[in-house]
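Colleague: One structure coming up, written as structure tokens, with questions to follow.
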């Protein structure tokens, strides 16, 4: 239940930032926070990361649902012990990010992005993308260096799988 509420709050925060982006940035010039480095802007992203799969709503929504199903099953397979708390938190952040962008796709047929790191001309992104990116990087680190005892496919300890 706590996991569900956590995801719900994270998605709500993502959606709040997107609501505020539409209210204050849509139809207006970007808000420069640090000249030449970082700005807030309004972008309708009709694809996935870096604009791939442009206008492929059904494909993106279906892929997101499949990924969510896999992530939830993996989350539920991880032992409840506190040593796996960070790993479980990463999965919740990824789920929340995927759900936040899925809500946009289903409501608007595009994802609302607003953060532009101009210094390196990085694609415009949003809070849900931040959840996914940061948590995915930490998840890879955890699985490679901290929780090697977990089977990457099942989330179970290797000795529980008979290895």
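In case you wondered, yes, glycine gets a Cβ from its N, Cα and C as well.
What TrEMBL says about a protein is an automatic prediction, not a curated fact.
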Colleague: Of the residue ranges 21-46, 47-72, which one carries the transmembrane segment annotation in TrEMBL?
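Modeller: That would be 47-72, the stretch labelled transmembrane segment in TrEMBL.
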Colleague: Quick one: pull the CA-CA distance for residue 129 (active site) versus residue 113 (active site), whole Å only.
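Modeller: Checking the Cα atoms of residue 129 (active site) and residue 113 (active site) gives a distance of 9 Å.
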Colleague: Under 8 Å between C-beta atoms and at least six apart in sequence, can you list the same-chain neighbours of residue 113 (active site), or say none if there are none?
Modeller: 43, 44, 45, 123, 124, 125, 126, 129
Colleague: How about long-range neighbours of the transmembrane segment (47-72): same chain, 6 or more residues beyond its ends, C-beta under 8 Å?
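Modeller: Tertiary neighbours of the transmembrane segment (47-72) are 91, 94-95, 98-99, 101-102, 105-106, 109, 123, 129.
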